[in-house]
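Listed in TrEMBL:
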type: BINDING; residues: B:Thr219, B:Asp220; note: ATP binding site
type: DOMAIN; residues: B:390-454; note: domain 'ACT'
Protein chains: 2
Amino acid sequence: MKVAKFGGTSVASGGQIEKLTEIMQSDPSRRIVVVSAPGKRTDDDVKVTDMLIALGEKRIKNQSTNDALVHVIERYRSICAELGIEEKVMADIEADLEARVAFNTEDEGVFMDQMKAAGEDNNAKLIAAHLNQSGFDARYMNPFDAGLYVDGEAGNAQVQSEAYEELAKLKDEDKILVFPGFFGYKRDGQLVTFPRGGSDITGAIVAAGVNAELYENFTDVDSVCVANPKVVDNPEEITHMTYREMRELSYAGFTVFHDVALVPAFRHGIPVSVKNTNNPEGEGTLITADRSKGNSYPITGIAADKGFSIVYVRKYLMNREVGFGRRLLEMVEEEGISFEHSPSGIDDISVILRTSELSLDSENRLLTRIQTELDVDDTYIEHGFSMIMVVGEGMDETVGLAARATDAIAKAGINIEMINQGSSEVSLSFAVKERVTDEVIKAIYNEFYTKTTQ
Amino acid sequence: MKVAKFGGTSVASGGQIEKLTEIMQSDPSRRIVVVSAPGKRTDDDVKVTDMLIALGEKRIKNQSTNDALVHVIERYRSICAELGIEEKVMADIEADLEARVAFNTEDEGVFMDQMKAAGEDNNAKLIAAHLNQSGFDARYMNPFDAGLYVDGEAGNAQVQSEAYEELAKLKDEDKILVFPGFFGYKRDGQLVTFPRGGSDITGAIVAAGVNAELYENFTDVDSVCVANPKVVDNPEEITHMTYREMRELSYAGFTVFHDVALVPAFRHGIPVSVKNTNNPEGEGTLITADRSKGNSYPITGIAADKGFSIVYVRKYLMNREVGFGRRLLEMVEEEGISFEHSPSGIDDISVILRTSELSLDSENRLLTRIQTELDVDDTYIEHGFSMIMVVGEGMDETVGLAARATDAIAKAGINIEMINQGSSEVSLSFAVKERVTDEVIKAIYNEFYTKTTQ
């Protein structure tokens, strides 16, 4: 069986939901649908989840909620009207939303979680109704009834391992199940939403629970591209990549998924397919644990992320001080800063971190501590770097890949601040000044994808 | 004033000592000579220091010392004979050696230290006599009388900061001073030898103490070469380099000095000149804190050292665990292992260390701890790597240097295991398999030194 998850734009309107229905019809092995809340129909549209947040905040501030509530109801009503869904369904959705707004607000986190979850929950009911009326034997599946048990505070649900055992029972269901994404329940019945990428998380958990042959992630792009289409014109598409490649790429700005969202699928070895609701016949991108070698290109993708800072430390005879690097990283950790890399030379060590991890205070404290406690010759920090990731399985064993990438960057007249190769088997990363980020991506892309020779 | 230090081969015979005398004559600003024990005259010769160690060990084992003692005495006698030095000097040397052998052996370290130091000490007396008979007003200078105070256990003398103040007084001496290298004294009169590179250390300390305008290090090579002449045919010579370049090069197998030996000179800003006793008119290699830019080549030297191991660690979502890298390095430290680099990817981190830091036990313990305490997906260790260092001031700002180096290696068909660029302003380093070390050096040398274009 397959689990198919549909993102916000794929369930944003009646028209989109009809595409979902066609997709379900075209492959009977699709037995579970996980749905998001209605997303944007056009670029300037508002997502239902954002409407619900606005509505919930009015309630917390004791402002009038009437208009905001009508706004949400109207959105569902327009979808129901488009699909000709029976009035009873809309009446249920309306009653559900009114009940949620009236909920106890004492714990604001708990209150907001159940408000936000209304988007997916009601959309699942609506879609189940539409599937039934389209000839399917479908039913809405409540995450609590399904045993999607979680722990953690509001907005940060963590799946419990017993949830997988509970969800495994869904394999025996005769009906098509329509499952709302984005939230689970504590054992005591409290609803908790997942962090970023919430519906993707639900999909991955359910797919893992039922041990699906495939987890299909329907979104609004044909596939994952080799490089950001906003930077490179008509980039090649990635037809097949590994979990590890996906993870390295998503680290550095690939926004199709939040990288953690797919972890439940990866951990259980479930293949993931990224497909386009608007072009379901397209090949899409398949993500598996391994892939056969022999891609036509030696690399799989190029990604970049801005907003990095580098702390430089220099001390004569540093490499003779056992524990120097460890003590430096300890200071970084004691400031609550998570670091990305720490390349070191003989008398030099750098710490590369996301600038967002720093504050002016923590930066000053850190430099002062390094200077005084490690008695260094020099230490300073520089901001405004990008990390560029060049990703591909087997890169570490391919002679000359690093040379081609560095050469391409050099030919573009760009200085590389740091090269990190050899720590990862699947990637090569560079630090460059932020302002040259796009140029570097283009240079690497052209080297590997537009040259005729390899 | 200049301080001139002469290495073992430069004082190995009467003929060599005559060259020393000529060198002293050619420049009256050379006021202090620091001398080693007589070294090898030919490749299969035995150094006096090694004879003394053999002699001392016989004494400790209560074996007969007669033959071994005669062996050492004969060596000095042959030098005296060659130079026509008065019999009294040789009688003093003989008495000194006999007294040392008869010394208390209760503390074996202390006993061996004074045995080993006999080589330099008696050579200094002999050379002082020769200088006097050659028309100089010279005298032997005992390190205790000069105030070269040290601390630390036998074989591991550490200079005390007050030694520099004492040694500063030597500036006012009218006579040429002949100073034995390799040892100092504790305040209570106990002799302690320096670790590896011992006479170089003495020279650097004395030069720093008298604030010499130049510390000349006379050895048996014309200058420091850009690459090992055993690997590259007729490599270019380095005429001028910085302390930092020297340090990075000596880290990776440049054997002209032990890198720590020059620290006292570096710390006091004393320029160092490497010259050839057998060709004192040669330009040699000058080492200073800074050097004017505009070398004819973009890099200063290439060095390599074998014997590295790499510990690989992989864990999914590693980069979200604050403190992961620090905890890993802590385990390494707790095994008493000093690490060289620790490059990291998203889900991977490696620790590069010298294989000599490991034992089979510590390796197994470390891997077990990483596996269990850090709960990683995979960890293993591989041996047999070389580190290649490409060194040059300002490398970090030169576009394309890394590309040229990696390209040259790739064109030689060699896979780079790790690239480390950006942590040091003066070097770029690579890890490669040991068996390709020489090929990599040749490839980089040819790229930067034999190509006509840059």
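The backbone N, Cα and C atoms fix where each Cβ goes, glycine too.
Taking the Cβ of B:Thr219 (ATP binding site) as centre and 10 Å as the limit, one finds 24 other Cβ atoms among all the protein chains shown. When other Cβ atoms within 10 Å of the Cβ of B:Asp220 (ATP binding site) are tallied across all protein chains shown, the result is 16. DSSP assigns B:Asp220 (ATP binding site) to coil in the three-state reduction, placing it in neither a helix nor a strand. For the domain 'ACT' (B:390-454), the model's pLDDT averages out at 86.
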